[in-house]
Amino acid sequence: MTPQVSALPSAAVPPGTAERLARTARGLARAGATPASAASRAGAPEALRGELRTALALPDRRRGFRVVTGLLAGFADPGPTPPHWRGPQSAEADAIDLALALATSALGRLYGWAHQQDGRLVHNILPIPGHEDEQVGASSATLLTRHTEDAFHPLRPHLLVLAVMRNPEGVGSSVSSVRRAALSAEDRARLSRPLVTITPDDSYAPPEGAASWREVEGPRTPVLWAADDGLCLRYDPAYSVLPDDPGFLGSYDALEKALQDCEEEVPLGPGDVILIDNDVAAHGRRPFRARYDGTDRWLKRAIIGLDRPRPAAEAAEPGYGQRTVEPEAAR
């Protein structure tokens, strides 16, 4: 089925706010700041944080996403796409990292993972040779199947933020909201039972002695759960171990079809930022041809925690030993 195309939920950052953000970020860069220090309360004037908080309104919880334009309007071209997430990247791209840390930390708790991209708070999402066909952000030649970000962990983000540096082929993000998915009451009931084991993706190295995360025992969790304001999901079929239960498998297939049927293809251009509600919407990406010549698609990613409750049973999950990395405390 062709992805749905309708008026996008969007917001535009006022030019004055974008200019103040760029000026503040460049000043922090000259002072040797990092995204971690920029995200602390000492990183930006509270007035600017307030402007950013207003401009970057959280997504509506039915559609599950919002596109923000103009946030990075005060910056020049970020330079060539790096050959690897470790860089190197231009000084302008370094300042953009600081700006994204300032902006996203105004919404909630910016954090990272100790064993993903060296614990960085702002990630580079770009094609890397050798990963073309994997289900990770460094892939290119394969369809990145729709999923919940970091679904394996009880501390997975509430909000995923993707900012476009370069997108020559116009590859958007596909977004499917579970609150728009047509599911029967029976399917919802089956998918609310704790029967699925979700493992970390291939960007996290498995523990010593294990060839893959599937060899590591993990908790069984529900795919669907109910928040006070509606249905939520925790979903990553590429990294899930499913039960040998025909009824459940039928409902899982029904969910996949329902998410496909309500999928929206969100076009994204340089400077655009998409905010995705990670409890409501699954996201993915269509394949593209990587050139590895400095002109490839390049996104920045940040993950945000919000003050929103999740199922109480998640508190007992060990999260496969993956630890979060928090910004430096304000001094």
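Along the chain as shown, residues are numbered 1 onward.
The backbone N, Cα and C atoms fix where each Cβ goes, glycine too.
Same-site candidate for Fe cation binding, as annotated by TrEMBL with H147, E149, chosen from H84, H283: H283.
The region 'Disordered' annotation in TrEMBL falls on one of the ranges 2-23, 112-133, 244-265, 310-331, namely 310-331. The most densely surrounded of the binding-site residues E149, H283, judged by C-beta neighbours within 10 angstroms, is H283. Within the same chain, the residues at least 6 positions away from H147 (Fe cation binding site) whose Cβ sits under 8 Å from its Cβ are Q135, Y235, D236, P237, A238, Y239, A282, H283, G284, listed in sequence order. Other than the site residues H147, E149, H283, same-chain residues with C-beta atoms no more than 8 angstroms from the centre of those residues' C-beta atoms, the Fe cation site, are R146, T148, A151, L160, D236, I276, N278, A281, A282, G284.
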